[in-house]
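Read through the structure below, which is laid out as structure tokens, and then see the notes.
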Amino acid sequence: MTSHITIPSTGDKIAYIDGKLSVPNNPIVPFIEGDGIGVDVTPPMIKVVDAAVKKAYRGDRKIAWMEVYAGEKATQIYDSETWLPDETLEAFKEYKVGIKGPLTTPVGGGMRSLNVALRQVLDLYVCQRPVQWFTGVPSPVKKPCEVDMVIFRENTEDIYAGIEYKAGTEDAQKMITFLKEEMGATQIRFAEDCGIGVKPVSKEGTQRLVRQAIQYAIDNNRDSVTLVHKGNIMKFTEGAFKDWGYELAKEEFGATTVNGGPWCSIINPNTGKEIIIKDVIADAMLQQILLRPAEYSVIATLNLNGDYLSDALAAQVGGIGIAPGANLSDEVAIFEATHGTAPKYAGKNKVNPGSVILSAEMMLRHMGWVEAADLLLKGMSGAIGAKTVTYDFERLMDNATLVTCSQFGDCIIEHM
Ligand SMILES: NC(=O)C1=CN([C@@H]2O[C@H](COP(=O)(O)OP(=O)(O)OC[C@H]3O[C@@H](n4cnc5c(N)ncnc54)[C@H](OP(=O)(O)O)[C@@H]3O)[C@@H](O)[C@H]2O)C=CC1
Ligand SMILES: O=C(O)CCC(=O)C(=O)O
Ligand SMILES: [Mg+2]
């Protein structure tokens, strides 16, 4: 296949050396613009990041952006069947750090998610989504300042594996016959017209995720890690997630049980403070985050719970227009907004670019460019503080000035 990626002539590769990220002064960073509102939010993200880096390092550092393709744009540039070109996957593998806009997934039929495919193929097993309130952001809760959580969502397993069989097909019937006749399942109602989905959850997949969550709590002086699961109902998948999580805390971090368990605690080797490892059943957790958010800090959970929790928590601090995220493997990192392609707003220069801009802030921090990351946060706080905001905030704020998506990016730059 012909290459459609133009490698910047002036940049260098980010590398992993002795388990550490080595970032040159002009790193090549691949990006996917994204479908729908990707065309709106990605250009201001690049403009804001470039401005923060320029201001922080006075020209000594600069990102060499390299566009790579996925989704609708890939079908236009390659051919109508190519949604996720191999060279896009190779670019993320080779350049180690990248960022992406949202990609559309049809509901019901049609192709499976490209976002999920990227996570699975590149084994980006942690979806890390911090949820924090910026002063002045409108919120439906009384004390949004009490929300300060970091979600660690398992990103490669669970029902997102895509092992599903459509009702009425030969494959679904084969599965149903197998379950009934060979596994003795008697609980399948309406077997004639029943879709079947499979939910794989492994010990290795669980423990590598929980390991990252606990390590994050240690490195960032957090006081608890909560395992969120629906283990009362799905005993051998979600229940096992809980058990394997506690097991890892004890075996690898020396956790000891609290009040007879199952809660346990570890002593942070850096601070000497206690970190509680606890668990909450997923439906109760959706109540807890609204009523007692201050009691939760780091959350480790399965793929679907994490997807639900991240949008629900985002709503408490201003909505998915401002909710950032990262998909992480042990080497490769792809940063992305929590929101999707919001098709009704596509190309209207209207939506909040805050989510992908804050994802870029996480990217800068991951690269060790903390001064630029801090400036970006300062600019974001300043723009919100001045009440120059996009429609999603303006409709909920008194005396705010409505700005477009690109203008909001410019406001961030003005406040750096
Ligand atoms: N990682 C990814 O690439 C993701 C992709 N998707 C995909 O996106 C498509 C659309 O999904 P959908 O369920 O509509 O979810 P979306 O996140 O795209 O949009 C839902 C609503 O959230 C609000 N919203 C989203 N983004 C912004 C923003 N930047 N600024 C302000 N408000 C925003 C809007 O609310 P309002 O109407 O109130 O203004 C919007 O109507 C689907 O194909 C889905 O699969 C979904 C999630 C993640
Ligand atoms: O892949 C998709 O289309 C949706 C994914 C999603 O909602 C998420 O990762 O938060
Ligand atoms: Mg989601």
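Every residue, even glycine, has its Cβ placed from backbone N, Cα and C.
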Site-mate of Thr104, His339, Gly340, Thr341, Ala342, Pro343, Lys344, Tyr345, Tyr391, Arg395 for NADP(+) in TrEMBL, selected among Asn327, Asn352: Asn352
Comparing the Cα of Thr104 (NADP(+) binding site) with the Cα atoms of the recorded positions Arg119, Arg153, Lys230, Lys242, the shortest distance belongs to Arg119
Arg153 (D-threo-isocitrate binding site) CB neighbourhood, other CB atoms within 10 A: 27
Using a 6 Å cut-off on Cβ distance, which of the recorded positions Ser113, Lys230, Asp307, Asn352 come close to any atom of ligand 3? Asp307
What Cα-Cα separation, expressed in whole Å, is found between Tyr160 (site 'Critical for catalysis') and Asp307 (Mg(2+) binding site)? 10
Using DSSP, would you call Arg129 (D-threo-isocitrate binding site) helix, strand or coil? strand
